[in-house]
Every structure is written in structure tokens, then in C-alpha cells.
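To start, the structure itself, in C-alpha cells.
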Amino acid sequence: MSERTLVLVKPDGVERGLVGEVIGRIERKGLKLVALELRQVEQQLAEQHYAEHDGKPFFGSLLEFITSGPVVAAVVEGPRAISAFRQLAGGTDPVDKAAPGSIRGDYGLEVQYNLVHGSDSAESAEREIKLWFPEL
């Protein structure tokens, strides 16, 4: 069954020139790009996107980071797209949890600056896609 997920290449990934690498891995996995956009994230969108973390000690720094530079947002589609991209991304902590061969395992060094975001469930994907691409 085909599903959709939101993928973000965060400001650190854009700044380091890793957008092509991330997109290439998505396409080589057999997933399809449905929408793709380079944008500066506004505070309101950042707050809505990370609403589940509101009140946590790292919330402010998370918002500061995601709004610090351009982000590439994409809607990716394919069989098991959510879990397929999360496998490509690797664990949230690039050093302790991300497997070598994953995006974070190959290129990441810090938990907060972990290059990419992928929706973690069908419910999250639906909510996040509506936030980032309301026209879809």
C-alpha cells in the first residue's frame, strides 16, 4: 500500500550541501517525490510542526535551529514510505543510534543538528503534510 510522508532537510543539511545526497537516497530507495520546496521556516510554522515538544527544555533551541536557515521540505510517496525514509534517515542521535550507511550515521554528529526529519507515523505524516503543503 502506498503512503505519504513529510521529509525535511534541516538547515544544517542545506548549509552543508547534502540536499542532493538526501534526495538521491530517497529516489534510489524507490520512493517518489510528490512535492519539493526550499523555504525559510517562519516561527508559527515551526511552533505548529514541533507542538508536541512545547514545554520541554529543548523546545526553544529546536525552534531557533529550524528557523535559522533554509529548509527543503518534501512529500515523499511509496510503499511503506514512512518507515522506509526513517530507515534511510537513521536514529535520531547520529553518533549513538544511527547505523552506518544511514543519512545521519554517515553525516551527522549531534542530536539537535541531525540533518533530516521524517514523519514518525501515518497520523503525524497527515498532520505535517497539511501544515507544510496545505494545497495537497
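Just so you know, glycine gets a Cβ as well, placed from its N, Cα and C.
Source: prediction; values computed, not measured.
Residues or ranges marked as active site, pros-phosphohistidine intermediate by Swiss-Prot: H117. The ATP binding site feature in Swiss-Prot is assigned to K10, F58, R86, T92, R104, N114; the stated evidence is sequence analysis.
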DSSP three-state assignment (helix, strand or coil) for T92 (ATP binding site): coil
Protein Cβ atoms within 10 Å of R86 (ATP binding site), excluding its own: 19
Spatial separation of F58 (ATP binding site) from H117 (active site, pros-phosphohistidine intermediate) - C-alpha basis, Å: 16
Reduced DSSP assignment, F58 (ATP binding site): coil
